[in-house]
Amino acid sequence: MSGCLPCFGSSAKDAASKDSVKKELSAKDGSVTQSHHISLDKSKSRRGPEQKKELTAPKEGPTAHIAAQTFTFRELAAATKNFRPECLLGEGGFGRVYKGRLETTGQIVAVKQLDRNGLQGNREFLVEVLMLSLLHHPNLVNLIGYCADGDQRLLVYEYMPLGSLEDHLHDLPPDKEPLDWSTRMTIAAGAAKGLEYLHDKANPPVIYRDLKSSNILLGDGYHPKLSDFGLAKLGPVGDKTHVSTRVMGTYGYCAPEYAMTGQLTLKSDVYSFGVVFLELITGRKAIDNARAPGEHNLVAWARPLFKDRRKFPKMADPSLQGRYPMRGLYQALAVAAMCLQEQAATRPLIGDVVTALTYLASQTFDPNAPSGQNSRSGSGPPFIRTRDDRRSLGDGSSLDSPAETRSRLGSPATHKNSPDYRRRDMVREVNAGSEGGSETGGGSGRKWGLSDLEGQESQRGSPASVGRSSRGTPRNRDLDRERAVAEAKVWGENWRERKRATNGPGSFDSTND
């Protein structure tokens with residue numbers, strides 16, 4: 001084999017190149033050391049904006065101290081059978097990915113060979129090696145090592161046998177079963193947990209910047225992991241609200257404020273997650289020029305449908321063939337709509353999204369069971385009624401009003417870390433923009449939520465509502481949606497507290513992986 005691979009022979013040039021990359025990694029590590037610190041313990045780093053921060057590996061988890069291996073090009077060529085076409089797993093703007101087996105350990109791996117003329121250059125290569133060497137989570141792909149022989153740049157990852165989420169959503173062959181509803185919710189919850197780790201556990205937070213269905217890889221049992229961190233950026237620290245950078249990413253997934261201004265925030269990732277979640281619900285691509293005019297862009301197609309819950313069933317993936325819980329569909333679309341708010345400040349935090357999706361993923365759905373047996377199994381989130389005196393939503397489900405939620409949870413607490421305090425703070429945060437004469441219109445200060453919106457939708461078309469329909473301006477509808485964001489945050493926080501109260505301290509570990 002060495003005869004057909006002349007670059008196998010070691011040379012001073014290759015050795016110098018490898019040393020150069022190692023120096024660049026060390027230099028990049030050192031340069032970030034002076035300004036940032038990546039850690040899982042945020043409390044120890046909040047001593048003031050002038051504190052110097054160091055880039056260190058997280059101290060938690062069994063893999064926290066594992067360093068990336070260095071491989072020779074010979075080793076990786078042998079692992080992939082000289083990069084034969086039958087070993088090719090996929091190809092993108094950054095290069096090709098091959099399946100291989102390491103001769104030394106027998107481990108099955110995925111080898112990404114960067115295209116020297118592609119979109120990912122040496123800087124992105126270094127960023128990915130650095131990020132994945134430091135950040136470890138069950139929902140982030142594991143980096144095994146890298147190769148920097150000569151001008152070759154290769155990354156070695158753990159092998160994900162089920163491919164990418166994109167492979168299971170779009171352009172399915174006739175013999176391939178589509179994902180069922182429960183699996184879709186589980187994948188969404190896992191991907192959100194990976195994003196939550198980057199946003200909330202790393203310090204400073206890491207902005208992924210390239211969240212899309214092709215970058216969510218699936219392992220056994222459809223366990224999702226985020227991959228491809230070449231575009232990741234360290235988030236704002238101190239008093240900064242954003243980081244300014246050139247616009248990168250994939251069309252159809254980029255948040256509008258980032259695409260227009262280059263100002264990147266954690267909420268930019270939340271928007272991208274909303275697009276992926278909408279793909280999971282609808283089965284549509286983020287951008288699909290093969291569809292009819294007006295349906296090319298997934299978000300643009302969905303926005304008017306979000307305003308009328310009677311059209312929600314039309315948004316479900318036809319390949320599901322109606323095998324999904326109606327209430328679960330409504331709640332999933334509500335979460336997607338909140339993530340896709342045009343104003344970044346009104347999008348939920350990824351931690352609240354994790355709470356909502358963890359609940360949705362926990363609701364098992366049997367497509368063969370009678371509809372009544374799938375509706376109210378287990379305890380719902382706090383704003384979902386569990387009593388019989390519920391307002392019907394047409395599918396046997398209903399939502400609590402904010403007052404009923406508060407009465408069931410007891411008197412409001414005043415401590416700043418209590419759920420009630422944070423709930424009021426989140427409501428004020430969303431209402432502040434509407435009451436101050438913002439572009440979404442004025443507001444009365446009433447805490448409207450998802451229950452109010454669904455109640456209005458259920459009454460639409462009645463004689464009493466005919467006269468009011470002319471007053472439902474787009475500005476008011478935007479205000480309603482903003483208030484729905486606040487109520488969703490209330491739901492997430494209250495449900496989390498109920499779980500803690502029911503199972504004891506530390507029992508709600510599903511959001512702390």
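Cβ coordinates come from backbone N, Cα and C, glycine included.
In Swiss-Prot, the entry for phosphoserine among SER45, SER371, SER392 corresponds to SER392.
What Swiss-Prot records as phosphoserine, among SER401, SER411, is residue SER401. DSSP assigns LEU89 (ATP binding site) to a strand segment in the three-state reduction. Summary for the binding-site residues LEU89, GLU91, GLY95: the Cβ-based neighbour count within 10 Å is maximal at GLY95.
Shown in sequence order, LEU88, LEU89, GLY90, GLU91, ALA110, VAL111, LYS112, GLN113 are the residues of the chain, 6+ apart in sequence, with a C-beta less than 8 angstroms from the C-beta of VAL97 (ATP binding site).
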